[in-house]
Amino acid sequence: MRNVQFLTGFALLILASSLASAFDPSPLQDICVAIDEPKNAVFVNGKFCKDPKLARPGDFFLSGLDKPGNTANRLGFSVKNANVEQIPGLNTLGISAVRIDYAPYGQNPPHTHPRATEILTVLEGTLYVGFVTSNQLNNTLVAKVLKKGDVFVFPIGLIHFQFNIGKKNAVAIAALSSQNPGVITIANSVFGANPPINPDFLAKAFQLDVDVVKDLEAKF
């Protein structure tokens, strides 16, 4: 009986450990400011850490998220990041943020963050947002129209989007549960892969004419 309990407990411990390792690790020290120079530094979670005694306020600071981004592009949106690349002090802390600006009818196209859940707050404007569940849940669309002050969550790894349905500019701030959440824009990844994915394969996968696929690949 004790052996069964031990094996069950051990199995649960292994499962918990594997789940924990799927996200940014919990820090075992107060701070671990990222630094490019590896001399006399320790490599932790993708970055070298400076001596914590040498940390300065600027390591934990970023300005400029109050300023609008440039939305003069084909999609009419702009993202300003506040992750470990901009704020070295975020290293090992498992969190980051972005500011997203949308021109009228601009969109943040379908994409996914492979390492983070996202929680988005609308500061100005009206957005139509949503995510799509996995095959396991029949690719169900979960979507809602958001107005100023509304909050919406996009679960980790799921394809999601935002679309400004208003005639005025819109602004949102989002927090993500990783110091470096990553982003995979679906259309760019599929039709803009380098080298290109075989168009015959994509034509069958998306049930499109091969010439349509070639045209899409030329655009990305």
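Backbone N, Cα and C define each Cβ position, glycine as well.
TrEMBL lists 1-22 with the feature signal peptide.
Under the heading disulfide bond, TrEMBL lists Cys32-Cys49. For Cys32 (disulfide bond), the count of additional Cβ atoms within 10 Å of its Cβ stands at 24 [all protein chains shown].
The domain 'Cupin type-1' feature in TrEMBL is assigned to 63-214.
What TrEMBL records for Asn108, His113, Glu118 is oxalate binding site. In the structure as shown, the Cβ atom of His113 (oxalate binding site) sits within 10 Å of 23 other Cβ atoms.
The Cβ neighbour count for Glu118 (oxalate binding site), using a 10 Å radius over every protein chain in view, is 23. What TrEMBL lists as Mn(2+) binding site is His111, His113, Glu118, His160.
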Mean per-residue pLDDT in the domain 'Cupin type-1' (63-214) works out to 97
Ordered by sequence, the long-range same-chain Cβ contacts of Asn108 (oxalate binding site) under 8 Å (at least 6 apart) are Leu75, Phe77, Val79, Ile100, Tyr102, Phe161, Gln162, Phe163
Whole-number Å distance separating the Cα atoms of Glu118 (oxalate binding site) and His160 (Mn(2+) binding site) is 10
For oxalate, residues beyond Asn108, His113, Glu118 with C-beta within 8 angstroms of the site's Cβ centre include exactly Val98, His111, Thr112, Ala116, Leu120, Phe154, His160, Ala174, Leu176, Pro181, Val183
